[in-house]
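Undergrad: Starting off with a structure, shown below.
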Amino acid sequence: MFTKQVQESGVYKWFNDRLEIEAISDDISSKYVPPHVNIFYCLGGITLVCFIIQFATGFAMTFYYKPSVTEAFTSVQYLMNEVSFGWLIRSIHRWSASMMVLMMILHVFRVYLTGGFKNPRELTWITGVILAVITVSFGVTGYSLPWDQVGYWAVKIVSGVPEAIPLVGPLMVELIRGSASVGQATLTRFYSLHTFVLPWFIAVFMLMHFLMIRKQGISGPL
């Protein structure tokens with residue numbers, strides 16, 4: 001009843017004449033869903049929902065977080081103890097981060113076990129693997145931002161891993177850290193990656209991933 005009233009309204013007709021909203025809606029709602037699809041095919045969508053929650057709560061926290069080695073921890077404590085519902089926003093961000101990684105792993109397993117990576121969906125699989133790497137990168141960069149003991153030593157260990165690579169190892173370590181040792185330059189780089197670079201990358205590859213799924217449809221059963 002409500003839908004019919006909206007479609008008969010003058011505003012809806014005005015937009016529909018110019019943007020063909022009804023045709024777009026029909027195309028989305030009429031997409032064929034194979035009968036073998038079950039709840040495990042929702043894991044990718046749940047991962048997307050977790051990312052949206054991450055984006056919203058992360059954006060909210062940027063109003064209070066200070067990417068400084070002297071103020072980062074204090075700003076997080078202020079958010080947790082002084083800001084209204086700040087503890088809830090940060091907690092949701094942490095919980096949904098763990099859930100996003102878990103759902104992503106289960107989604108990868110589901111696609112692999114059902115053969116969703118095979119011809120003609122190789123590119124969809126490749127973009128999915130790239131999205132998985134970006135998701136893990138979000139976790140690595142975000143873990144250090146509170147700049148507490150756990151975050152500091154985590155980033156020191158992670159950024160020191162490439163040092164074992166012959167020839168280019170030390171150069172890569174300095175590139176990641178921004179200097180010879182972990183400090184303000186490291187925190188600034190990780191903050192920039194976490195809040196600007198990685199969100200753009202994941203948005204681009206998500207769009208590519210969804211467009212390919214939309215074009216090729218859901219893979220059939222084994």
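Heads up, the Cβ atoms here are built off N, Cα and C, so glycines get one too.
Straight from Swiss-Prot, here's the annotation block:
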- 39-59: transmembrane segment (TRANSMEM)
- Cys42: heme c binding site (BINDING)
- His93, His194: heme b 2 binding site (BINDING)
- 97-117: transmembrane segment (TRANSMEM)
- His107, His209: heme b 1 binding site (BINDING)
- 123-143: transmembrane segment (TRANSMEM)
- 193-213: transmembrane segment (TRANSMEM)
Undergrad: Considering only the binding-site residues Cys42, His93, His194, which residue has the minimal Cα-Cα separation from His107 (heme b 1 binding site)?
TA: Cys42
Undergrad: Go through the chain and flag residues at least 6 beyond the ends of the transmembrane segment (97-117) whose CB is under 8 A from any CB in it; none is fine as an answer.
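TA: Apart from its flanks, the transmembrane segment (97-117) reaches 40-41, 43-44, 46-47, 50-51, 54, 124-125, 128-129, 131-132, 135-136, 138-139, 142, 219, 221-222.
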Undergrad: Roughly how many angstrom lie between the C-alpha atoms of His209 (heme b 1 binding site) and Cys42 (heme c binding site)?
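TA: Computed Cα spacing between His209 (heme b 1 binding site) and Cys42 (heme c binding site) is 15 Å.
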Undergrad: Which sequence positions outside the transmembrane segment (193-213), separated from its termini by at least 6 residues, show Cβ-Cβ distances below 8 Å to it?
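TA: Distal contacts: 48, 51, 55, 58, 62, 121, 123-124, 127-128, 130-131, 134-135, 137-138, 141-142, 145.
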Undergrad: In the same chain, which residue numbers or ranges, 6 or more beyond the ends of the transmembrane segment (39-59), come under 8 angstroms Cβ to Cβ?
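TA: Residues 89-90, 92-93, 96-97, 99-100, 103-104, 106-107, 110, 138, 195, 199, 202, 206, 218 contact the transmembrane segment (39-59) from elsewhere in the chain.
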Undergrad: So of His93, His107, His194, His209, which of the binding-site residues has the fewest other Cβ atoms within 10 Å around its own Cβ?
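TA: Ranked by other Cβ atoms within 10 Å, the binding-site residues His93, His107, His194, His209 bottom out at His93.
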Undergrad: Name the secondary structure element type, per DSSP in three states, that contains His93 (heme b 2 binding site).
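TA: Assignment for His93 (heme b 2 binding site) reads helix.
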Undergrad: Do you know offhand how many angstrom separate the residue listed as 'heme c binding site' and His93 (heme b 2 binding site) by C-alpha?
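TA: The residue listed as 'heme c binding site' and His93 (heme b 2 binding site) have their Cα atoms 21 Å apart.
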Undergrad: Count the Cβ atoms, other than its own, that fall within 10 Å of the Cβ of Cys42 (heme c binding site), considering every protein chain shown.
TA: 14
Undergrad: Kindly assign His107 (heme b 1 binding site) to one of the three DSSP-derived states: helix, strand or coil.
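TA: DSSP call for His107 (heme b 1 binding site): helix.
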Undergrad: Using DSSP with the three-state reduction, classify the residue listed as 'heme c binding site' as helix, strand or coil.
TA: helix
